[in-house]
Amino acid sequence: MKVSAIAAVAALAAVAVAGPVRPSGDKYLIELGPGKTQWVTKDQKHKMRAAGQTFIDITNEIGTNFVATKPVAANYPKNIAHPSMVSSMIANLSKENLMRDLQAMSEFNNRYYESQTGVESANWLMEQVKKVIDESGAQGAKVEKIENQFNQFNIIATIPGSSESTVIVGAHQDSINQEDPMGGRAPGADDNGSGSVVVLEALRGVLGSKAFRAANNTNTLEFHWYAGEEGGLLGSQTVFSKYKSDGRQVKAMLNQDLAGFKGQGQEQFGLITDNTNQELNQFCKMIVEKYASIPIVDTECGYACSDHASADRNGFPASMVAETAFEDSNPHIHSADDTVEYLDFDHMLEHAKVALGFMTELGMASNL
């Protein structure tokens, strides 16, 4: 973050009202770090995000007595167990699918979580997920919408397993133009159409595999598309706070946010190491080394930079594999310039390989 951006964030923070008691006016309670909260207006939220400040909007937690919990215990495999199955599934992943789906997502004026086109894009995505499930003929697979306290909804596809242990790959579906959130052009090709279509292609890969379906996965698999990430991880909080209250056994969550920009230097993934689960991160490295053709390096993105933070905050082990090291991220996001012309679909396909390997290896793991 530049010095000018830091000064802007400090100025905005100075006018925010700290504390759990709701002030007068239309204010939102945000968390900038563990236990560090401030009241801000919606306009201040947008300006803080534009200045590089990340946060979780926790307004809906007022009165719930939220308490952070220890992570759900998990036992991740130390070795690759299903290389033949995963390799055969990877061979059927399609760069053309990624291109077609991302082009369609980018054609909406924006996918802002409070706009009409944000709802229309979610409906379109829901139809694509339903189509994948219907065409697979997979028994028990389903998709459902999870409503939020705003217009756009979350989408969750489920492949039930023989245990209640759950493995998740997720991406946020919304986009934003920081200059004009509601009406501005925000194709959001990289942020985060790229992650959304990667998760969709991973779902195709899993459900399209006869070997996978015949193997009867041990653990339940879920594919998530979150609404309202750009407003402070809103949709993913809806999901993971509910999972926490329901006592769900989420053993692993892989976040795919930014998956199409190759960067300016050496092509490599960025493994987010802050506010993530270190044991799961090691498993992710093993998956990348086995199933992808590019290396992975450690990087940090700050508190609440994306939806894995909602899982982590609610006690669920989470990791994020990003398109590059954080400092080499796409400079065109959050604007009308976030278009497919800046993206590399071979790089995006590598993300799909990782997502597919992650879900298959953990889906088949026993005693997770």
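In case you wondered, yes, glycine gets a Cβ from its N, Cα and C as well.
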Swiss-Prot Zn(2+) 1 site partner of HIS172, ASP257, selected from ASP134, ASP191, ASP274:
ASP191
Please state which member of HIS82, HIS308, HIS334 Swiss-Prot lists alongside ASP191, GLU230 for binding Zn(2+) 2.
HIS334
List of residues, in chain order, with Cβ under 8 A from that of CYS301 (disulfide bond) and at least 6 apart:
THR54, ILE272, ASP274, MET320, ALA322, PHE326
Round to the nearest Å and give the CA-to-CA distance linking ASN192 (N-linked glycosylation site) with ASP257 (Zn(2+) 1 binding site).
6
From the centroid of the CB atoms of HIS172, ASP191, ASP257, the recorded Zn(2+) 1 site, which same-chain residues not already listed sit within 8 A by their CB, in sequence order?
ALA171, ASP174, GLY188, ASN192, GLY195, GLU229, GLU230, LEU258, SER306, ASP307
Within the same chain, and leaving aside ASP191, GLU230, HIS334, name every residue whose CB is within 8 angstroms of the centroid of the CB atoms belonging to the recorded Zn(2+) 2 site, in sequence order.
ARG49, ASP174, SER175, ILE176, GLN178, ALA186, GLY188, ASN192, GLU229, ILE333, ASP338
On a count of neighbouring CB atoms within 10 A, which of the glycosylation sites ASN192, ASN216 is highest?
ASN192
Spatially closest candidate among ASN92, HIS172, ASP191, ASN216, CYS305, the listed recorded positions, to HIS334 (Zn(2+) 2 binding site) (Cα to Cα):
ASP191
